[in-house]
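Copied from TrEMBL, the annotated features are:
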| type | residues | note |
| --- | --- | --- |
| DOMAIN | 4-123 | domain 'Glycosyltransferase 2-like' |
Amino acid sequence: MIDIMIPFWGEPEYLYRAVRSVQNQTSESWRLTVVDDGYPEDVKPFFHNLNDRRISYMRNSTNLGITKNFQRCLDLTSADYTVFMGCDDELLPGYVEKIEKCFTRNPGIDMVQPGVEIIDEHDVNHSPLVDGIKKLLRPRRGTSDLHGESLAKSLLRGNWLYWPSLCFRTASLKLVRFPENYSVLLDLSLIFDLICSGSRLEVIQDVVFRYRRHGESLSSSTLFDGVRFEEETNFFKTQAARMRDLGWRGAEREARLHLTSRAHSVMILPAALRRDPHAVSWLVKHALT
């Protein structure tokens, strides 16, 4: 059984599509829980009209914020496996079936990264530069079971994971918590807590998830306000020290270099000049440190 958790704050129409995609699964081995963090528009009638006992909707009495709402989702999960699905993403029909087969085939793994396709706000497939880079960084076929320093080193070189598509073994997930000092990198930080505690990741090539990349997402909106790169600076500094303590010298070197992160800040400089010239100084600073 997979607990599909959706921490909701966003466009209701995308949420409704996400829910429908869960209902269209070829496997019945799922439960869906939507945790509404106080979004202004009332979406409760939609869930009432579904009349589907597999789907639960709850609304926080106060706005918790992204990190605490994710933690609430983690606290609520109790199935064998858990996925934190984005409220604007979609599952392809075989997601649950493929993921469960993967865990059954390899009982030693704690995380599964399936193949994804990228869609824009109009549901059109596209491939922005950032996803082209992720594809290049993603391990090739034959290196699907990753763990320890090799996995840490790979992700510190460049994060090729798609967080909302990842599925976790709940027993392992319950041993960690979402870090309260991050709002953008809370996912990657939690993943590193799992890696450093011995968790293994399996990468499968089957495309069973639709990841929506658009300008209104949190990851896009934080590019020019300094939050993302401030968090990245802190994250890489923290992980470099952690890798050193573990004796993972190669991973420590990647954390100190964080070349992909620095290149990203250089890549968006032209857009920053047009949109927010004040952002240029800290983008340059991040690129040089």
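The backbone N, Cα and C atoms fix where each Cβ goes, glycine too.
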Tally of residues which DSSP labels helix, strand or coil - the domain 'Glycosyltransferase 2-like' (4-123): 41 helix, 32 strand, 47 coil
Per-region confidence, the domain 'Glycosyltransferase 2-like' (4-123) (mean pLDDT, whole number): 96
